[in-house]
Amino acid sequence: MSRVESIDVLRGLALLGLPLTNLIYMANFTSGSVADSSDKLGASLSFAVDVLAHGRFRTIFSILFGLSLCLFYEKYGPQCIAKMRNRLFVLGVFGCVHGFVLWPGDILLNYSISGLLLLYVLRLDNTTLVKLAVCAVLIPIFILMLLIYQSGGVDFAEPTHVDMAPYGFFELLEFNFYNYLGMLALLPTITLWYIFGLMVIGVLVYRAYWQGNGGLSTPFSLLVLIPLSIFGSVWARLTFTESESLIFDLFNWLFAIPCSIALVCIGLNHSEQISKRRSILSAVGRFSLSLYLLQSVIGVWLFQFAYPMWRTNFTQTDYFLLFIGLAILQLALVWWFRRNAIRGPAEIVFANCQGYLNKRES
């Protein structure tokens, strides 16, 4: 089975969109604070990012991850389980290095563990998978909301604090170590199960398109799911104040799901047209690991070493302009890689590590 062009395009689109929300936390990881802006453009951008971007790109990635595992399983059969475990193990190692060395907001280890869990449910029937996805997504979120309200509605977010002093390398490692451990502590409580639930949705999407009669129609996706997602996020944004930002985030996680499912289904519905165009976005999707790590390298270097004053000075408009510049840089790099038939450096290391593990088991 050859690569599915539409999946690469969707993955590339999601990857390019990640810095729109991640850059803020590369600057101020514990608070995610943004400098106040008196202009209407900054306020409008902040509202638009909260409603249209937060959680969407990560959700698309997670659904595609589950879908891609199914395609891998279909291509190689049950005997590929050991290879899939090796692949996920290497991804987890990449995640640990990324989280401890570069940026504690890493998601790769979560994907690795969630993917390993997914291997044990691939053969379950659709009804069971639907129940599993609903429980995995909703129960941890509702428990966390209940804890927040029982505590008197207090938000657990960190107080806004920015250290203007630039990090040295070892100070950054110490900062990453403690904060990444904190992120890992959240895995078994909410984030692991949420991502796992999204991957289960990816399995259901795969079965609908590759083993069923097709998924959701494009009109239904455009006219029902996407408006539902947007209106839900708008309601949450207007209902919960800045001091209740964690509650807004939890609702936004939920409202990101219908939009992400819709975009994935639209891409798969038009897979044939997409495959004919050979979009550069598909190449971005194939270099996703290298580009994801590059985003962290650039973001951490800019905010923690080169221009630490940006942590307090950057408004939402500044972050958006930096996001545009980073997107252009990534597209140019991918164009150069593709023109010279060069593989991504992270993809090369990943393939070599996986190949080594596969040989040890053969």
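Sequential numbering from 1, following the chain as shown.
Cβ from N, Cα, C; glycine included.
Owing to the predicted nature of the structure, the values given are computational and were not obtained by experimental measurement.
Annotated features, as they stand in TrEMBL:
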TRANSMEM  12-35  transmembrane segment
TRANSMEM  55-73  transmembrane segment
TRANSMEM  85-101  transmembrane segment
TRANSMEM  107-122  transmembrane segment
TRANSMEM  129-149  transmembrane segment
TRANSMEM  180-206  transmembrane segment
TRANSMEM  218-238  transmembrane segment
DOMAIN    221-349  domain 'DUF418'
TRANSMEM  250-268  transmembrane segment
TRANSMEM  289-307  transmembrane segment
TRANSMEM  319-337  transmembrane segment
The recorded stretch from 55-73, 107-122, 129-149, 289-307, 319-337 sharing the largest number of CB pairs under 8 A with the transmembrane segment (250-268) is 55-73
What stretch in 107-122, 129-149, 180-206, 218-238, 319-337 has the biggest tally of Cβ pairs under 8 Å against the transmembrane segment (55-73)?
-> 180-206
Could you pull out which residues elsewhere in the chain have a CB under 8 Å from any CB of the transmembrane segment (129-149), counting only those six or more residues past its ends?
-> 121, 155-156, 189-190, 193-194, 196-198, 200-201, 203-204, 246-247, 250, 253-254, 257
Please indicate, using numbers and ranges, the residues of the same chain that are 6 or more beyond the transmembrane segment (218-238) and have a C-beta under 8 Å from a C-beta there.
-> 47, 50-52, 54, 247-248, 251-252, 254-259, 261-263, 265-266, 269-270
For the transmembrane segment (289-307), find every same-chain residue at least 6 residues outside the stretch whose CB is under 8 Å from a CB in it, and list them.
-> 15, 18-19, 22-23, 26-27, 94, 98, 102-103, 106, 108, 166-167, 172, 322, 326, 329-330, 333-334, 344-347, 350
Close approaches to the transmembrane segment (85-101) from elsewhere in its chain (Cβ under 8 angstroms; 6 or more beyond its ends) = 107-113, 115-116, 119, 173, 176-177, 180, 183-184, 289, 293, 296, 346, 350, 353-354, 357-358, 361
To what whole number does the mean pLDDT across the domain 'DUF418' (221-349) round?
-> 93
